[in-house]
Every structure is written in C-alpha cells, then in structure tokens.
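Visitor: Residues annotated as domain 'Aminotransferase class V' in TrEMBL: A:5-344. Positions annotated as L-glutamate binding site by TrEMBL: A:Arg41. The pyridoxal 5'-phosphate binding site annotation in TrEMBL covers A:Ala75, A:Ser76, A:Trp99, A:Thr147, A:Asp166, A:Gln189, A:Asn231, A:Thr232. Per TrEMBL, the feature N6-(pyridoxal phosphate)lysine maps to A:Lys190.
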Protein chains: 2
Amino acid sequence: MKKHNFNAGPSILPQSTIENTAKAILDFNGSGLSLMEISHRAKDFQPVVDEAVALFKELLNIPEGYSVLFLGGGASLEFCMVPFNFLEKKAAYLNTGVWAKKAMKEAKAFGEVVEVASSADANYTFVPKDYTIPADADYFHITTNNTIYGTEIRTDIDSPVPLIADASSDIFSRPMDVSKYVMIYGGAQKNLAPAGLTFVIIKNDALGKVSRYIPTMLNYQTHIDNGSMFNTPPVVPIYAALQTLRWIKEQGGVKEMERRAIEKADLLYNEIDRNKLFVGTANKEDRSLMNICFVMKDEYKDLEADFMKFATERGMVGIKGHRSVGGFRASCYNALPKESVEALVACMQEFEKQH
Amino acid sequence: MKKHNFNAGPSILPQSTIENTAKAILDFNGSGLSLMEISHRAKDFQPVVDEAVALFKELLNIPEGYSVLFLGGGASLEFCMVPFNFLEKKAAYLNTGVWAKKAMKEAKAFGEVVEVASSADANYTFVPKDYTIPADADYFHITTNNTIYGTEIRTDIDSPVPLIADASSDIFSRPMDVSKYVMIYGGAQKNLAPAGLTFVIIKNDALGKVSRYIPTMLNYQTHIDNGSMFNTPPVVPIYAALQTLRWIKEQGGVKEMERRAIEKADLLYNEIDRNKLFVGTANKEDRSLMNICFVMKDEYKDLEADFMKFATERGMVGIKGHRSVGGFRASCYNALPKESVEALVACMQEFEKQH
C-alpha cells in the first residue's frame, strides 16, 4: 500500500534525495568508498559543501555579507547559541509556541528577556500582531512556523532591531527577504535533510557585539572562519541537503514551492472547513501552510480514534496531532505530493459519509 | 581496483553497516518509508536506540549507574560541555596533542586548568607518564588516542580524582574498565558510525556538582533524563552505529577487536622498523594501534611524494600524514581488514626494492 507521509519531522524528503543518498552510501562519486567513510576534507567532498552553500544563496536570494553554515546539535542548541552570540543586555522574543518558549528560556540565563507578546493563553492558536519591540533590544527573535500549533508568520516583518528567526519548519517553502534578518536558522529535518544537521544563515557584521567569552564551538565566528569545517560536520546530512536543494531548484525554486504549498494547504483547509466532522484549530489568518492542525468537532469527539484507524488503514502516516493540541496534524512539507493531500481529503470525505 | 581505506576519520566502517544503512534509507524495516523520513519518536525507531545503548553496555561491560547518550555536535562540543558540567574550581589535563590542547583551551574559560604534563616540546611523540594529578582537581582529562601523532594510552589509568576520557578514535578497540572513568566520550566517526554523532558514557552520580547555570542542551542531565531524545537526535548515524555494534558483537566483541588491532599494527610497525626507507614517528612504547604514523628516513626524504603516488596507484587511500607530523599515517580502525595492511606492507616492500 502506498504510504502518505505526513510526519511532522523528521519528515518526507524528495525521492531523489533518498535514492541519491542511498547510492552515495554504497559508492560516493564512483570512488569505491562509501559517503560514510570519506574524509570531510576529501577534495571531492568540499564541492558538496560549496554547492550546498551556493544553492542556499541562490534559492533564497541571500545578499552579500551573509554566511551559510552547516552545524550539528539541532535548533535546540541554537536556542542558547543565539543569546551567547547576540545578547549583551536585553533581547525581545515573540512567544508563539513551545519552541519560542524554549528559545526564550535559554536566553534568560544571558540577560533581560522581554516577551513582546504571547498567545499562550489561547493555546497558541494565533500569532500576536500588536506588540512593540523595545528599541534598545539587542535582537528580536521569532519562530516563523509553529509546528505543534499550525500557525505561521508568512511575511518578513519589519523590526527596528536585528531580527533572528527560527525557520526550522518552513525554510524553503516561500521566498524570504533575507536582508530583513541578521540570522535565520533551523533544524534541517523538515524541508531539507535527515536529522542531525542545523543550517544557519548569518549576517557577518552582526557578530562581535557581545563582551562575554563564547566557547569556541558555540561561537558563530568559528564556523564562519572555517567554512563549517572547524570540526567534522555531519557529512551524510549535508550530502542529502544538497540533493534536496538541487531538487528545489529543478522544480522551480521557492516560488514554485510556495505555489504548491498554497495549493495543498487550500485543498486540505477547504475540506476541514467544509466537512461536518472536523474543525481547524488555528486562527484562519495565521494558518500554517506546513502543519495543518484539526480536530473532531465537539459533537463527534468520540470518533477521533476511529478516524485515526480509518486513515491509517488507507496509508496515512504521522497524522496524529501533538498531545498539546490533540486531534490531527497533517504536515505538508515541500516534498509531500499533492496526491497525498488528495488521499487524505478522500479519507475525510469517505469517513464523513459513514457517519 | 580494490581500495584500501586508511582514512583517519571519517573512516572505514564494516560493510554490513554500509549496506544495511543504505537499505534502511531506501526502506526502513519494510515500513515503505525511508530511515531519513521517519519520526525519531516512531515506535520502531525507539528499539534502535534501545538496542544501541544495550550493546554499548554489553560490549564495554559498563557497570550499573552509567548512562549512554547519543548527541550531536561532535567531540569538539564536548570540550566545552565537560567543564560546563564538571569544572567548579580546578581541572587537570594531560596534554598529549592537538585535541587535548583544544579541550584544555575550552576548560580555561570555566576555572583553573592544570596541565599535569605535556609532550608538546617533542611534537607529541610520546605520552607523558610521570606526573602528579592534583588531589583537589574536579576531574582529570585524558585523550586516550592521539589520531594526529599516533600515540595511545592503552591502559585504564588510576586517577585520584574523577577521570574523563576523549576516546573518539579508539573506542571499541579494546576492553576498557569503564568503572575507572566518570565519563568517556567521542565523535562516532572512527570506529562506530558516520560523522554527526557523539557518544557519551557517563556516571549518573558524577553530575550536579557545579554551581553554575548550564544551558539546557549543554547539560548532560537533560540528555540522561530524556534518553537522548530531548531534541531530535541524529537518526541515520544512530542507526548506522547500531549496525556497527552488532558487527562488533558478531565478530567476537572488543577482545577480538583488540586481537585484530594488535595483529594489524604488528604487521605494519614491523615493516616500518625493518624497511630501510621508513621510520616510525611515535615512541615505541606509546605507539597507537589505531593510527600508525611514519615518515621517510632523512636520507630518503625526497622520495615521499613518489611513495605517495606509488601507494595511491595501488589503491591506498588516506595515508597522507597530518601536516603537523608529515609523512604517512595509516589508520587501522576496527573495520579495516588485515588484507589492507598486507597490501600496504607489500607496497612498502616493493618500493624499497626499487630504491
């Protein structure tokens, strides 16, 4: 049976990423060696890193003066690296969910943290819009997409202070105006690569403004100066990321990714809004294109387990909602084909007919 | 042409690790999904982590009261995590090479660092043995194998204070008395897995003795409490590590790995000592079984490039010595077959005959 992979992350990747990575693990570039057993300093691996950096810059139209880094540790490690590198006195955070909160928690050990707004009281069902960013903050931190709650900031906001974004779960899903940010970072395991890789897009001259000592590995300058090769980087995930970046380019770039994301999201949100059994959990204007969260309407709540079984039997994978929202979550990352969304919609319609 | 992979790291892995990982990337456990696109919290991935932890404990005979962690970031990140978690006032380090020095450098930001001994003046050609570990040090840090210089500490030393070892490049190459250490850590990319995974063996009750705040991701307690799942761990490298651990067990465990390592090292060191062209760089009593470093004797120095070409043409890969030692380095990790060492020895003999 055909599986429809709605996993929230690690999640579906392009078939070419999967096949090419498997091939390279058996034989990298016809070298007779596995991708897993070559040196990261081998002369045929450097072009992999170089091309991945170049495609990042090309696809996101990254201006001069920015570096692209490939690191380990995950976005969670960035939560403390960001204040380590940027927080001298005060930082501003927008609290839009669990990940924003975790980022904020780490920052508190480094200086004053101002929560400019929060939707915690509404279980993060919306993205706050009326807030004031303190003009004396060292930076303003946002989470562009809230995987758990299915909300998203789909515009590049104007910030009076340096803007830093965790874009773990919606990077490469739309064109971004990178010049509005001093840093964009994320775990690669949604739209890019398998788990174990963190990407960082960073404005070089935004660094060097804190007075504290920064441990070498936590200092972005280290990784800029060494082209992500200060220590051994995650070779296999970087190779996989390159395959995905090539795929995005071949498919038409981030503009086309956005067109498809809108098309898929419209299909599913329209069905959620139409179907008598289901209701979306996020405020309509803040709905994420990446993670589509919905529950059974109150009067049908006792059918949730049944629908989960029904959909699973029809090949849907990973549609269980996060425990803090409940219900269902269909993650529709770049690599998810429209057919999978159509299959889920068909499930919802068929199930509705039975009840 | 058959390649003989003497890479220093990332380096040769068992064929079964390579093949099984490639297979799982195409289809994990017959699930119809790639290993790269399943959730780390999927019910069929937890057994992978559990078995890998269990095999760590079994193969290294790890006593009760220790945890095994799988993290990202590499051993270089551990260099600052160790003092973050253990250094309250004073730490002792044995300086046996570049990696030891880097570890020491990070510690200096956290407290007093005592270098108990150093072989820096002799370009790290030996492992210092006469030194006194301060009785009031919070811990004593050693590097068990010095990849660049080809020296190794092959016994589990007695330390009056908690002992911490970076065993990146010789883990699983011999039985260890883990009870003598409070922590053993390393990058996985030598004897275990592809790059992107760090292993940590840690004594649970050794933690909690520093008064500073530790960022969540840098706190070992976080990862112990969450079974390495506080954030998304490097799924593919963990799966590969499991394949290698199974292979080690099937082959007879670490005792057998040690027997083979001694056999391979004897073969190569004997040839280095016999051959009129070559000379070993490390003190004989400290010679590493993992990284075998040698140069051309002074009178034949101008033949180095020729031998490199000669050996490369015969399938030898990765035998160029590190720039700080020069000459050649043959890394003979667990997965390197004896045949590869025999092929290198044959090269050396053939080249000798021609000169």
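Don't overthink the numbers, they just go from 1 along the chain as shown.
Each residue, glycine too, has its Cβ placed from N, Cα and C.
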Visitor: Against chain B, with Cβ pairs under 8 Å, which of the binding-site residues A:Trp99, A:Asn231, A:Thr232 show up? Give them in sequence order, please.
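Guide: Going by the Cβ criterion (under 8 Å to chain B), the qualifying binding-site residues are A:Asn231, A:Thr232.
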Visitor: Taking the Cβ of A:Gln189 (pyridoxal 5'-phosphate binding site) as the centre, count every other Cβ atom within 10 Å, in any protein chain shown.
Guide: 31
Visitor: Would you kindly give the Cα-Cα distance separating A:Arg41 (L-glutamate binding site) and A:Thr232 (pyridoxal 5'-phosphate binding site), rounded to the nearest Å?
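Guide: One finds 9 Å between the Cα atoms of these residues.
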Visitor: A:Ala75 (pyridoxal 5'-phosphate binding site) has how many other Cβ neighbours within 10 Å of its own Cβ?
Guide: 27
Visitor: Return the residue, from the listed recorded positions A:Arg41, A:Lys190, with the maximum count of other C-beta atoms within 10 angstroms of its C-beta.
Guide: A:Lys190
Visitor: The residue listed as 'N6-(pyridoxal phosphate)lysine': which of the binding-site residues A:Ala75, A:Ser76, A:Asp166 have a C-alpha within 10 angstroms of it?
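Guide: Close binding-site residues: none.
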Visitor: With DSSP assignments reduced to helix, strand and coil, which class does A:Ala75 (pyridoxal 5'-phosphate binding site) get?
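Guide: Going by the DSSP assignment, A:Ala75 (pyridoxal 5'-phosphate binding site) falls within a helical segment, counted as helix.
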Visitor: Around the C-beta of A:Thr147 (pyridoxal 5'-phosphate binding site), how many further C-beta atoms are within 10 angstroms, looking at every protein chain?
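Guide: I count 25 other Cβ atoms within 10 Å of it.
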Visitor: Across the domain 'Aminotransferase class V' (A:5-344), what does the pLDDT come to on average, as a whole number?
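Guide: That region's mean pLDDT is 97.
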Visitor: Non-local Cβ contacts of A:Asn231 (pyridoxal 5'-phosphate binding site) (under 8 Å, 6 or more apart, same chain)?
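Guide: In sequence order, A:Met217 meet the Cβ cut-off.
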Visitor: How many Å separate the Cα atoms of A:Thr147 (pyridoxal 5'-phosphate binding site) and A:Arg41 (L-glutamate binding site)?
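Guide: So the alpha carbons of A:Thr147 (pyridoxal 5'-phosphate binding site) and A:Arg41 (L-glutamate binding site) sit roughly 35 Å from each other.
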Visitor: Between the Cα atoms of A:Gln189 (pyridoxal 5'-phosphate binding site) and the residue listed as 'L-glutamate binding site', find the distance and write it as a whole number of Å.
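Guide: Their Cα atoms are separated by 24 Å.
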Visitor: In terms of DSSP three-state secondary structure, what is the assignment for A:Trp99 (pyridoxal 5'-phosphate binding site)?
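Guide: Where A:Trp99 (pyridoxal 5'-phosphate binding site) sits, the three-state DSSP reduction gives helix.
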Visitor: What same-chain residues, at least 6 away in sequence, bring their CB to under 8 Å of the CB of A:Asp166 (pyridoxal 5'-phosphate binding site)?
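Guide: The answer is A:Ala75, A:Glu78, A:Trp99, A:Ala100, A:Ala103, A:His141, A:Ile142, A:Thr143, A:Thr144, A:Tyr185, A:Gly186.
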Visitor: Looking at Cβ-Cβ distances, which residues of the chain lie under 8 angstroms from A:Ser76 (pyridoxal 5'-phosphate binding site) while being 6 or more apart from it?
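Guide: For A:Ser76 (pyridoxal 5'-phosphate binding site), the qualifying residues are A:Lys102, A:Gly187.
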